[in-house]
Amino acid sequence: MRRQAVAAGVSALAILTAAPAIAEIRIGASLAITGPAAFLGDPEAKTLEMLVEELNANGGINGEEVELIVYDDGADPNKARTFATRLIEEDEVVAVIGGSSTGATMAMAPLFADYEIPFISLAGAVVIVDPVQEFVFKTPHTDRMACEKIFADITARGLSKVGLISGTDGFGASMREQCLDVAEASGVEIVADESYGATDSDMTPQLTNIAATDGIEAIVNPGFGQGPAVVTRNYAQLGLELPFYQSHGVASDAFLDLAGEAAEGLRLPATPLLIPDQLAEDDPQRQPVQDYIAAYEEKYGEKPSTFGGYAYDAFHLLVDAIERAGSTDPVEIRDALEATEGHAGVTGVYSFTPEDHMGLDLSAFRILKVADGGWKPVEE
Amino acid sequence: MSELLQFLISGITVGAIYAAIALGFTLIYNASGVVNFAQGEFVVIGGMTAAALIGAGVPVWIAAPLAVIAGMLVGVLLYRLAIRPAGQAPLVSLIIITIGASIFLRGAMQAVFDKQIHRYDGFSGDAPLRVGGATILPQSLWIIGGSVAVFAFLAWFLNRTRAGRGIRATASNRMAAALVGINTGRAMNLSFALSAAIGALAGVLATPVTFTSYDVGVLMALKGFSATMLGGVGSPLGALAGGLLIGLIEALTAGYISSDYKDASAFIVILLVLFLRPQGLFGARIMERV
Amino acid sequence: MAGQGTTVATAPVETARRAHVGNGKARALIGPGLCTFLIFAVLVALGALIFPSSYFYRVGTLVWINTLAVTGIVVLLGYVGLVSLGHAGFFAIGAYATAIGPNYGIPSPLAMAGGVALAGLLALVVGRPILRLSGYYLAIATLGLGMLIWMVLSKEAWLTGGPDGMTVSGMNARNLFKLVGLKLKSAEAWYWVAGFVAAIGAAIAVNLANSPSGRALRAIHDSDVAARSLGIDVARAKSRAFVISAIYAAVAGALLALANGYITPETGGFMHSVEMVTMAVLGGAASVFGALVGALILTALPQLLTVFADYEHMVLGAIMVVTMIAMRRGLVPFIADLWNRRKS
């Protein structure tokens, strides 16, 4: 991203000194590349950088080169808003991707309505798209859907009494609230509700309390970062044998490395990105998933994460919309984006409507379980 | 009953980590009167260096000492480049300098290592031991043992050795210490090196349980600072007691009251203690010179 | 510890004032407070003259809001010599009151006033026991207070939206200008409002420094014991400075909430407290101009450093360390000294 920013500076100079040779399409991004949400923003930034390179090598959009301008907001809403203003006013972008965190997204959102610029958020919370804002879209599943998916799996196993242990970071707190909200409608009862700080190092007291709750049948851990890995290890340390669920927040191979053998048997809702080789031949997501993984591994020498996948989908949705709009007018791009139908991404198959700016249904979410140190789909 | 035992084990494990960090604070304070807010970064340097080496295939008994040495080097550099040039700066300048140094080190670690979360296996495996219905990880014993050893070492070193007494003399009056022939420069270098080594050791021991990443230093420093002030700044016994106490308060609050407010209860206890005993639990009464 | 800081820190109050509030005659004529207000007003207008886009107004707004908050730190740290590592807590109280009020049918201006009053009241209540502490004990006590406020804001999601933060509905500064027939973009409107409030805040702080109670504060800065022997009620004077600085922080917080339209608990976090103190010390904690310079540098710097995003932390940390070593009293007194030396 540094290179892009330098390129931005250089090209700004070039514009001052000479007439621009080719018109460019500028896309902006404000991501949490450092700070507490760096494990979201870092793969997102890497993914965007990779995709832009790839796109320009293949001739750009309708023959026009694409320029990406990325800023690091460190998940600070205050910074995010300043950078969003900068992207719109100074960098004159036609669309913005980003907001790794819900706070950053919500702080930026009003600006896009003011300036009429389309914006695709990579953050999870349901408040981003409910109520729908005309210029705001998002690619990840909502935390509400994750709760519904987990609860559906729990009731399918004939269980209903659930203990929550949630991180107190934005992700964990928001998902906890959604889980409490949908519990009754999903046919489960929350009988224990504990929390832990995002960087706590021992959660055995909370787990001990949950395990001692009358009639407890399953444990769900909404959270991301290192917390869920500690919870998983503590769960194994205490020798608990209740069905154990993690969230999509840790759906990555890095989590398996941190949690080790303790993760064996746990389940979580995830995107197909984790099981590229186990997708059916006719699965529309098979192609994008395999393309993304191959390209990312080649460029960075590591596996992509679910979060990078959100950026992958946001970028392709945007490029697709610009191509269909046949114009770089932000409002026309927005209209094309909202008309997206059946776009197969790595996260799911997107169909936006004026009432739905997330465009995914529960089917894109799959319940996976950890078996033999890898991810396996749970047959329904 | 087994629940209480589990809470106590959790509290002592976490508290021992806080105590080790607080002991590092104590040593530097004793030598220089500086509370070093970059102390948390030593913990991260220890953990990240060990993780990187072990990840590269270096056996743990080589990686661990190397990580501690890396911490020591950074400690000495911190003293020479940031603390010594500051001279007799007022307290607020010293706070800003050490916080600035911690921000710098965080940035440096992000560049040298990466932004991922790391861990490695416990020294004696990860199979939990059962104690009267509760469980404890072997690594917790390493952590607790490490903190107690560091405490015993510091108590012995500061009171019983020439170098240690030199450090204390330097702290109470640098000019007088120099006049009676103590090499105050060496005493300061030594205290920063040792303090950083203690922090790095805490990181090396704790990482299998707590994990580490480039940016956990602030939190470590906050907890260690709280423990130091609760116990009374400058007292090794206070640092140990303060650390364990905060760990226990957190675990017992999480166990019996509400996990939402376990951090809050630690701060409430600190505030109450300071209202009643402004010099902390084991701190010496401060005499103001006119 | 107290003895060391004093000799260094009282001198800059004088030098900075002499160097920046103009010469004695002008001050005698219009008063130091009004003079400061006018200087700030000129700077606000100057900014507006050269800013090419809303983005610059946005950054300018943040500079003025930070200046206001840091002016409170100047009163506490520069005048009295008390370190607070928890002032972001008061900042957040102002911000959240402004955000929460409209959700319960309380209009923004009233909610703002309520938040400011609440912050002042809290400072009054906890100030007495906390301010008996000194040095690092005072630092940990204020830090603990700030952390407690931060925790309540991030845990009580029903009220505050939790760690993800909450939307601030309510007034837009544009409407204020519409009343007098001016049509401004909202970024511009907030810039003028923030600049105006910061100028008033600076003027009040300067007047305070020159009042009898300001002189009492500086006597305490020199020595608690000496001030007491002069008949100054030390505990009361400290408590007053603490309340005043909390009010500055809360007003700044309320302005940020309105200008941003969205706030998160991090506005009350430890790093924000540190940032406020750093701004004060970097610019020079002894004068309101130090507050302005510190706020300007630390607000604008990250914007300039985006090109080196990967090294932003290293640069920022290095600047903090080097400034504190080379210019212990901050930039403004340092430059003022250079200037005076050249003249003489």
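The backbone N, Cα and C atoms fix where each Cβ goes, and this holds for glycine too.
According to TrEMBL, the feature transmembrane segment maps to C:29-51 (among others).
Annotated transmembrane segment per TrEMBL: C:63-86 (among others), in sequence order.
Annotation comment: TrEMBL describes C:106-126 (among others) as transmembrane segment.
What TrEMBL records for C:133-153 (among others) is transmembrane segment. Remote same-chain residues near the transmembrane segment (C:133-153) are listed as 1-2, 82-90, 92-93, 96, 126, 160, 265, 268-270, 273 (criterion: CB distance under 8 Å, separation of at least six residues from the stretch ends).
The transmembrane segment feature in TrEMBL is assigned to C:189-209 (among others).
Sequence annotations record features per position, and here TrEMBL assigns transmembrane segment to C:241-264 (among others). Only residues 6 or more beyond the boundaries of the transmembrane segment (C:241-264), in the same chain, are considered here, and those with a CB under 8 A from a CB of the stretch are 61-62, 65-66, 68-69, 71-73, 75-76, 79-80, 82, 84, 87-88, 90-99, 108, 112, 115-116, 118-120, 122-124, 127, 130-131, 163-173, 190, 193-194, 197, 201, 205, 208, 217, 276.
According to TrEMBL, the transmembrane segment annotation covers C:276-301 (among others).
Annotated transmembrane segment per TrEMBL: C:313-336 (among others), in sequence order.
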Top partner of the transmembrane segment (C:63-86) among C:29-51, C:106-126, C:189-209, C:276-301, C:313-336 - counted as Cβ pairs under 8 Å: C:276-301
Any contact, the transmembrane segment (C:29-51) to the transmembrane segment (C:189-209), with at least 3 Cβ pairs under 8 A: yes
Two-stretch contact, the transmembrane segment (C:189-209) and the transmembrane segment (C:106-126), at least three Cβ pairs under 8 Å: no
